[in-house]
Amino acid sequence: MTRMPRWADVALIPLLNLVIAFAISGLVILAIGENPWAALKIMVTGALGSSYGWGYTLYYTTSFIFTGLAVAIASHAGLFNIGGEGQATLGGLGVALICLSLPWPHWSLALLAASLGAAAFGAAWAAIPAWLQAKRGSHIVITTIMFNFIALSLLNYLLGNVMRPARSMDPASARFPEGATLPTLNDMAAGLGFVWGKNTPANISLFIALLCCLAVWALIWKTRLGFQIRAFGKSEPAAVYAGINPVRITMYAMLISGGLAGLMAVNNVMGEAERLVLNAVEGAGFIGIAVALMGRNHPFGVLLAALLFGFLYQGGGELALWTTIPRELITVIQALVILFTGALDNMVRAPVERLFARRGAR
Amino acid sequence: MDLATILQILDSTVRLGTPLLLACLAGLFSERAGIFDIGLEGKMLMAAFFSGAVAAITGSVLLGLTAGVLSSLLLSAIHGAASITFRGNQLISGVAINFLASGLTVLIGQKWFQLGGRTPPLSGDGRFAPITLPFAETLREVPVIGPIYYELISGHSILVYVAFAAVPLSWWLLYRTRFGLRLRAVGENPAAVDTAGISVVRMRYAAVMICGLLTGLAGAYLATALSAGFVKEMTAGRGYIALAALIFAKWRPVPALGATMLFGLLEAIANRYQNIDLGGVVLPVQFMQALPYILTVVILAGFIGKATPPRAGGEAYVKER
């Protein structure tokens with residue numbers, strides 16, 4: 001069969017998938033008696049119309065870049081890491097333990113240590129499913145799902161019984177010390193002499209996320225390990241035949257993946273909440289799946305998709321504020337994006353391929 | 001611990017184990033035919049919502065049940081289309097279905113009832129009433145056997161008995177009929193089934209639809225028998241526990257009964273006692289809640305027996321390349 005041109009594969013098909021997903025989302029809005037056009041306008045003004053909206057949009061984007069990259073790198077190794085939620089939860093635990101352990105003198109030291117802690121805890125939580133997959137052949141999808149629930153119970157126990165300060169009622173850790181407060185984008189803009197995004201949580205970890213995009217890109221396409229990961233993901237028997245150690249690649253890919261998911265906690269736990277609360281991840285681990293699918297597992301694609309989902313999240317919040325449309329509309333849109341860009345991809349791909357084949361034959 | 005307490009715990013074991021059992025059998029049919037289904041949770045949730053909502057509107061639990069099963073079948077059809085017809089990734093399709101159900105139930109619920117995603121409380125004919133089996137009242141005074149019969153075996157809603165009957169029925173269907181043989185074969189070696197002149201696509205759709213029917217019953221049970229109405233996210237991970245039970249049971253119907261009842265027992269104990277004191281060592285309630293998942297990981301790791309999934313599971317069947 002004639003191959004499709006590259007632009008069609010990289011841009012046209014994802015775009016078509018997305019258009020279908022959003023068209024159906026529009027129909028859903030219509031079906032619950034609201035105007036999709038008006039809804040879209042509220043979302044755009046709410047999320048992108050002011051520096052306040054952008055401040056939130058970029059805050060969500062930061063989280064989704066981390067979890068999206070986590071899913072993407074595992075996908076390159078042919079592994080479906082559905083455990084970003086649990087790994088990010090554990091990352092939060094790492095951040096909290098480090099932030100609370102010392103009276104940090106300066107945020108930069110705290111950020112460095114907390115990033116390492118977050119990545120280490122996230123990676124450790126991914127290590128067990130990875131080892132079980134590599135050594136015992138236990139299906140990683142099932143084990144990472146189980147580990148999401150185990151992480152939730154673990155955190156529930158720790159926050160309720162161990163980390164909760166005396167005389168406090170809600171299951172949350174103590175507030176982090178002053179020195180562990182990360183500069184927000186608002187602070188940084190103020191340092192440069194202008195006002196931007198007052199009272200928004202977007203913070204310096206956005207830049208860590210962007211660096212991670214770059215690092216993942218370099219890792220996958222510019223290093224020997226990245227080549228091995230891709231080879232392993234394309235065909236395990238071929239990779240093994242070429243002398244690539246499957247246990248090693250599975251472990252590396254999942255440790256990096258878990259570490260990236262864990263790093264998300266620097267944004268939401270250290271940058272925003274400044275204490276560890278239950279359910280701090282709020283589904284960002286799962287959104288990583290949609291983000292990676294839409295971004296075709298490429299770091300730049302992940303960045304764009306994370307921005308789109310950041311917009312959807314902030315816009316969805318605004319919708320819930322100004323209309324009767326509940327926030328859960330975003331969950332529906334997310335589901336449709338996953339369905340059409342992931343599971344039903346062939347539905348769009350096959351006709352487009354046929355179209356190109358016919359043009360090529362002529 | 002006296003007999004009455006034990007009976008109470010076992011009674012709630014049966015109540016809490018029933019939705020797990022139905023969902024587990026649902027997953028069993030699908031996965032035995034080679035279609036992974038991590039969308040059990042979403043289908044249950046959708047069915048719970050529509051059964052609760054329609055029962056609240058019409059006042060008839062049977063109409064509610066029908067609506068619930070239909071909604072679950074619809075999601076099954078989407079999963080079937082994605083994973084059989086369009087050969088998409090079955091896991092991703094399952095994830096999408098879970099999100100779809102999670103969002104749509106609240107969206108529609110808010111539109112219909114304006115109660116923040118829940119449905120109005122059900123009463124009377126809107127719920128499945130407990131059934132008192134014959135002689136339960138008269139035998140109640142007989143020591144030991146009487147209370148067991150009265151408390152534990154009698155007094156459940158019809159769906160509980162349906163779930164328990166579904167176990168031998170599934171066993172018979174899978175292991176003693178031509179349909180069952182073909183269904184299992186399609187999950188192990190679809191090419192062989194195809195060579196024998198049987199449609200792989202049709203067999204797999206049949207399995208996925210049986211799965212939808214059973215998750216529909218499970219969801220309807222949650223909203224119209226176990227509780228009196230739908231609450232946002234009311235499945236609370238039961239679909240995943242059912243998946244865990246399926247692995248625990250190694251994809252077999254009779255062990256599925258044992259696994260789901262074990263997980264039901266764990267939930268019943270966790271609900272009744274906050275922390276369990278085992279002579280010095282205190283087991284926190286969160287440990288009990290996590291135990292089904294921990295046990296499943298241990299089983300999956302192959303340290304206690306080996307759980308081998310159907311061989312063609314998760315792979316789309318391509319007739320010609």
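Backbone N, Cα and C atoms are what each Cβ position is placed from, and that goes for glycine too.
What TrEMBL lists as transmembrane segment is A:12-33, A:53-74, A:86-104, A:110-128, A:140-159, A:202-221, A:249-270, A:276-295, A:302-323, A:329-348.
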> Under a Cβ pair cut-off of under 8 Å, which of the recorded stretches A:86-104, A:140-159, A:302-323 contacts the transmembrane segment (A:202-221) most often?
Replying inline: A:302-323
>> Please identify the stretch among A:140-159, A:276-295, A:329-348 with the greatest number of Cβ pairs below 8 Å relative to the transmembrane segment (A:86-104).
In response: A:140-159
> Of the stretches A:53-74, A:110-128, A:140-159, A:276-295, which racks up the most C-beta pairs under 8 Å with the transmembrane segment (A:329-348)?
Replying inline: A:276-295
>> Below 8 Å between Cβ atoms, which of the listed ranges A:110-128, A:140-159, A:249-270, A:276-295 makes the most pairs with the transmembrane segment (A:302-323)?
In response: A:276-295
> Restricting to the same chain and to residues at least six past its boundaries, which positions have a Cβ under 8 Å from a Cβ of the transmembrane segment (A:140-159)?
Replying inline: 79-83, 85-87, 89-90, 92-93, 125-126, 128-130, 132-133, 171-173, 254, 276-279, 285
>> So if I exclude everything within five residues of the ends of the transmembrane segment (A:110-128), which remaining residues of that chain have a CB under 8 angstroms from its CBs? That is, six or more out.
In response: 81, 83, 86-95, 97-99, 104, 143-144, 147, 151, 179-180, 182, 204-205, 208, 251, 254-266, 270
> What residues in the same chain, six or more past the boundaries of the transmembrane segment (A:53-74), come closer than 8 Å to it by Cβ-Cβ distance?
Replying inline: 45-47, 80-81, 84, 87-88, 184-186, 196-203, 205-206, 209-210, 212-213, 216, 219-220, 229, 253-254, 256-258, 260-261, 263-264, 267-268, 271-272, 284-285, 287-289, 291-293, 295, 297-299, 302-303, 305-307, 309-311, 313-314, 317-318
